[in-house]
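Trainee: Here it is, the structure in full.
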Amino acid sequence: MTGLHEIHLASRRAEEAAARRFQAVQWLQSVVSQLGIPSQPSEKEFVACLRNGMILCNAINKIHPGAVTKVVAQSHLQSCNREYQLPQAYQYFENVRNFLVALEQLRLPGFEASDLEKDNIESGSVSKVVDCILGLKAYHDGFYKHIKTPPFQLSATKVNHSLGAYKTSRQLDRTDCTDGESDQIKVITKLFADHIVNSKENFYENLISQEDGSKSCKNLLHRTKCNHKRLLKTQENELAVLKSLFIETKQDFQEYQLHLQRDLMELGNQMQEMSSAAQGYYKVVEENRKLFNMVQDLKGNIRVFCRVRPISNSETNGVIDYIGRDGSLFVVDPSKPLKDARKTFQFNQVFGPTSTQDDVFRETKPLIRSVMDGYNVCIFAYGQTGSGKTYTMSGPPSRSITELGINYLALSDLFLICDKRRDMINYEIYVQMVEIYNEQVRDLLSEKSSCIRLDIRTCSSEEEDGLSLPNATMHYVNSTMDVLKLMEAGEVNRAVGSTSMNNRSSRSHSIFMVHVRGKDTSGGTIRSCLHLVDLAGSERVDKSEVTGDRLKEAQYINRSLSCLGDVISALAQKSSHIPYRNSKLTLLLQDALGGQAKTMMIAHLSPEEDSFGETISTLKFAQRVSSVELGAASAHKETREIMQLKEQLETLKKKALGGAEECNKEMKSPLSRPIATTERTPPRFRRLSIENCSNTTLKDRRGIKSPLVSPRGAKEIKSPLRRRQIQTAERTPPRLRRLSIENFSSTRSPLDSRDAQILSLDGLRSYEKDETSKGDLKNPLSPSMPHFQLMQTPVNAEVDTRTSGKGSHIRKSLRTIGKLINGSEKRKENLPENPLSPLGVSNNFSGVKSPFTSNVKTLRRQSLTGQERSSIRVDLVENGIKGARNAKTPPPERSSSKIEKKRD
Ligand SMILES: Nc1ncnc2c1ncn2[C@@H]1O[C@H](COP(=O)(O)OP(=O)(O)OP(=O)(O)O)[C@@H](O)[C@H]1O
């Protein structure tokens, strides 16, 4: 096949060569007249015709006159041309040489002189000549593009080789050559001779190959057939190998598949184990969190959340390094080397820049929801200016539904709960919105004027509905639309201004108060308040570049925030004095920060590098806040039973007060001494004294003489040691006094025995024990005992002493009042008989006049109620504060004593 193909190819090439030759001959004839050869000459005829070089020289001179200046032996050549006689080699070599040189100058393709040799005819060499002539034709026709390679390239080897061949070559006539050309001629001659020799060899080989053509073709076919057979066999073998390989691979694959399945099964099992372990872990974490929350609830810790807003300028670097799911936060100080730069903080929760409003609300929801169970709740947003407080609490100015802040979300959640519990409790929700601007409280929802100044009431009593801002307009809301409208109205009225830190900077602290009133089907009530506070941001005035009014505002803001810091510090250190009164902000948040509210702070951070200082101080403040323990929050929930008991209490109190007043009218003993003692006593104890005077007015008390100077006292306290003990008891704080009283109880003094009974008045049983064990009941200093015994009967008949909680406290208070009533009744009986008796004075007003007995009574009250705080508060409101007002005690002191008592 290959042989045939080769033959076919060769014949086609021969045809093509013949056609080209014909073309060349035609052109030559058109340029230099008749050539004297057939129009379709053989290669031999063609070469013979051109061998003397004359036709070529004439042709080139025709298309480029003067290309060959000298055509050698023209006449002689002409004579012998027609007979194809071989002229002298040098004669036509001269012409051929000149022609080739001219071609080179014209940069046209050439051939080698040997290509025209008579014995050197081969297809390759003749085709070179034909190409050369067609190149000339193209040049003549104007189509030829110059070929850059010169026709003669003489390599060094060729030159050397040519030099060797030169010696054997025919001698050329040197006289016709110029001196400069002699070297070139030598080289060309050598080349020419070489080629002749090579061509000769090639020529014979070609001839042989042509003769052997058909033979080799046959051989080739035979060989191919054999090859095919061999190839087939080899391929069959290879196929068999491949097949076995495939089977092996298939088996391997199946094995691997089995392995894989087994591994996958194992992995699946492990995954399941791990996921159940993870679930267990998350359960434990969740439980831990709940327990931690419970501990925080019990301790009354202020919960602290942290929120980091996105970086506002993409070109600045952030300082927040890591935010953990467990509430950890790492910040990096940009001014320090990396190893010292990291600072770690821990909070209840940290929200990163990608957290949504809903994420934040979801975490605050449980706290907010407890408002519906009667707890007071306060959430306040803290942070430097521009850190995102208003964004969190209200949302951005042109907010979408997803950007609504906690204020709105909280209210809509409360409405949801109202709806769910509609069958059990009927809730009513009211809102107030105020701002503290330059230390003035302004009503933001007032229709009259936004500048109405409001007074803060720190002592919010029951009758006044527990409001700290009773004059701020209160709006009833029952849908989220109502809330939105009010919030918008409030925001319009709020003071905002532009600073270099925030385009819309809040220049005031805004407080959104949600009051919840609920009444259940049994008549019980719930009363609570939710404070949502958006504090104004602390700012460095050099950075916010504020002047004039803005500067004044900034100073007020910074001052009130610093007061808040002082309050937090004092609370954290459990200091005896909490400086709430130092600013309107702390005064208004007094109940939330120091009362029995559940409190949460959301500290806001600006993550930019240049805010690092403010970020650190915010974080430190937040950490301090999280260490504050306020004590367990209590719900403002009253069942019907409690309400009824309260009513009874009121009635009894009035009765007790009336009896005491009547009694006091008859009393001449001045109260100046105990009052003086009270004034000397630190505020905390003064409240106790006021409380103990609750059965008399202050006016009355002033008229009663000190028991220490009374004849009874003089009579009673005979020994100096005894007097000293009593005096000590007057000056010692309650706990110490109690100790001294206990010491007395070990003596057999009539007074001691009475005190011992008072101290053990937790129940009748203990009293009875004392009664039987002590023989001094008839002592004139303890005549109250029979009265006590008498009064136990009616009170105890009504009240079950085993009950606990708020109801039992009230019952205990009722019992106390019952005693007082009985006491006063008995006093009435006794007084006419012996009005001036020191015993009478002492017995009837034992709780009023003598600081010692007043403390004893306080202790008795405490031991009866079991809870100092609640009874004290009621009495403070009912009696103490009223009494104190009458006494014209300066309000700040009064208030601070109340605060301190609360903390006790
Ligand atoms: N979480 C957040 N996601 C997107 N943008 C926020 C976020 N928090 C704050 N911003 C944007 O940052 C800018 C400042 O926020 P904002 O006004 O709430 O700060 P501020 O702390 O209330 O400032 P100031 O104390 O001065 O009133 C606003 O343009 C706000 O839209």
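Placed from the backbone N, Cα and C atoms, the Cβ positions cover glycine too.
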Trainee: For the feature region 'Disordered' as recorded in TrEMBL, pick the matching range from 671-702, 703-734.
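Mentor: So the range that TrEMBL calls region 'Disordered' is 703-734.
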Trainee: For Gln384 (ATP binding site), what is the secondary structure state per DSSP, taken as helix, strand or coil?
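Mentor: Reduced to three states, the DSSP call for Gln384 (ATP binding site) is strand.
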Trainee: In terms of DSSP three-state secondary structure, what is the assignment for Thr390 (ATP binding site)?
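Mentor: Reduced to three states, the DSSP call for Thr390 (ATP binding site) is helix.
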Trainee: Find the average pLDDT over the domain 'Calponin-homology (CH)' (18-141) in the predicted model and report it.
Mentor: 78
Trainee: Among the binding-site residues Gly383, Gly388, which residue has the largest number of other Cβ atoms within 10 Å of its own Cβ?
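Mentor: Sorting the candidates by Cβ neighbours within 10 Å, the top entry is Gly383.
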